[in-house]
Amino acid sequence: QGEEKWDFVLVSDIHEAGSEKEIKRKKFLDELSKKGFTIKKIEDKKLFYGVRAPKQIFQKYQQLLRNPDSGWQTPDAHHDIPVTTRIRIVNFILQNTTTPDREKLHDLMKKKVFEATFPLHEKEEVQEFLKERWARWRDIFCQQPIEKIRCYLGEKVALYFAWLGWYTYLLGFAAVAGLVVFVAGITVFNSSQVSKEICEASDTIMCPLCDQKCPFWLLSDTCTYAKVTHMIDNEGTVVFAMFMAIWATVFLELWKRQRATVVTEWDLYRWDEEEEELAMELINNVQHEPRQYQHSYFRSTIILLLVLVTIAVLIGIAHMLVIYRVIATALFTQSNSKFLREQANTMAVMTGAVLHYLTIVIMTKVNRRVALYLCDLEKPRTFSQRENNFTVKIFTFQFFTHFSSLIYIAFFLGRINGHPGHYVRIAGKWRLEECHPSGCITDLFIQMAIIMLLKQTISNVMEYLIPWMSYKLRKKQQRPKKRSMMLGEEEEEAEDPCKRQWLSNYQLNKVNVFSLFDEFLEMVIQYSFTTIFVAAFPLAPLLAFCNNLFEIRLDAIKMMRLRRRMVPRKANDIGIWLQVLEAIGILAVIGNGLVIAITSEFIPMQVYKYTYSPCVTENSTGVDCSTGYINHSLSVFRTQDFEPHTKPGLAPTGLCCRYRDYRNADDYGYTVQFWHIFAARLAFLILFEHVALCVKLIAAWYVPDVPQSVKNRFLDRKHGNLHRELRWVMLRKAP
């Protein structure tokens, strides 16, 4: 049975004898044979070549690296090294074997000489355990068998699931806190003084929202919208934003401790990736010379310029979404439907969010191609360096794709649109959007809710359905062939266990070097949503927590049931993703500080309470200090000052209307209150960010990256090694 175990399978179309592809395939297989590989050929609709490496290759590996794998993984029954290490070494040799024509396997696959190459899903105890006890929906609340995942899929995959499980576990605390803040907001749904004033403002006439068909409207018409806004925008938002800044730091610090404990148990804490790669290069080719580190300032400058151009394009797409919202608002306000006219702004926000999601789906594919092209220009020395460079670029592009529109809504919407009589217009025609008198934070809430819900429903459903349907279709296409093989001359061949196993693995979906990268990227983007603008959407951690419970099992099912076996990769951390997460933590502090200072009405309301409210001016007791805030925050505009080419509805009695801003009624310049609020916003932003960053630094210092037990284990190991060395020296000197 041991002789029938194969390390890799190469798949090729059946080419004509003597054809160029057939010759290239033969040359490559001959090179493998020279290296001592055993090759088995099976013919079906495709040609299948099973390859098995000789023992000498693995003995060299053990000698060069002093067998770093010993003692941490149950060895295969036939070989003395773990199967994951065996697959990794064989894959490296296959990818770096060169034919006399100077072509590698990657080049041959581009030329369709080979169609696929993959290790096999072996029917062994670990695989059966993972399929039955991990890769099932029913185990959604069960603990993950990280050690068994590592034994079958390698350390890098195991660390991904360990990180995802830890992230989901701690996300539960953030989800509870966010839910408490949201429920607390619901309790003030009908009791907010500001909302009451808006609902009772039946005599406050507001300026039209568009130039032509839009009428003057009553502030009380937006009563429900105001209640929703103040359900989201309240004092609890500030506390929750600070909590999430601390949570993000504690999460990363605790993960560093968890990671240190895990990799120490695997005996990989001080593992050197570069040393292992050099060892495998020498195993593959004794004459190999290491590729030197190189840096070109000219190439780096070109790449930086191309990155900036790409970011500019992504920001331009965000501008197009802004233009869509402006035009959509104008069209909805002129609609024949009363509902669309009344809810024009909300409908523009919702349809804009759906359009934003579609641009995310499309630009994700474009960003990937651009990032890969830029990585090719950089010419990185190793695959790990290439992966790190690609990670930074694709995350940067994806960040701007996801957040450019949100940044506009949070920090620019309603602040650059001008005022009645002097509106800022697109192409001199369409007015920019305005915020509701109660604030813009609800627009940000709606945008984030729609994007997160769509990403976590449609995207996850497609992520499961597409590989599942693809697998079923590929499997169905093979069935007629199997039936014909049961008849006549082919019956004996159909019973070959290798053939059945290789065919069943071939029917699974393809994997590539970025399969795991895609899962990481998806989770890191989600982490950005749950931290950066969480002040505007306290339910984000709850949605992320629920999604991750399914995401863990979805990824497990894809890896164990729907995809070919991934090539295991050794690792002792999650790589550059940790630096990306730390950068997101800093952005979260800045983003939430800006949301509270600029987007939220928290600062203007506090300035009013302590400077202009009845509690200050009249020394009133028993009066809500926010009484009169809405009237204070609305400016007066004379209808005769409208621009000549605009045609608002019939002017109200008194020839005045109100709009959201702090401007004088005479020359429409900014009032003293505006500058008071501006100074307060700036002061709060500086204070919030400094306090939050100080708390982050204290939390990072308070929670050590490496547990004392791990440090003590290494201390004891060093002491034991030195003690044995000393005894050996003393024995040699003894007469």
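Glycine is no exception: its Cβ is also placed from the backbone N, Cα and C atoms.
According to TrEMBL, the feature domain 'Anoctamin dimerisation' maps to 82-146. TrEMBL lists 149-713 with the feature domain 'Anoctamin transmembrane'. If you look up TrEMBL, you'll see 157-186, 237-255, 301-327, 347-364, 390-413, 524-550, 571-598 marked as transmembrane segment.
Here the listed stretches are 237-255, 301-327, 347-364, 571-598, and the one with the most C-beta pairs under 8 angstroms to the transmembrane segment (524-550) is 571-598. Just going by CB pairs under 8 A, the stretch in 301-327, 347-364, 571-598 that sits most against the transmembrane segment (390-413) is 301-327. Simply put, out of 157-186, 237-255, 301-327, 347-364, 237-255 has the most Cβ pairs sitting under 8 Å from the transmembrane segment (571-598). Scored by C-beta pairs under 8 angstroms, the transmembrane segment (237-255) has its highest count with 157-186, from the stretches 157-186, 301-327, 347-364. For the domain 'Anoctamin dimerisation' (82-146), residue counts in helix, strand and coil come to 33 helix, 3 strand, 29 coil, using DSSP.
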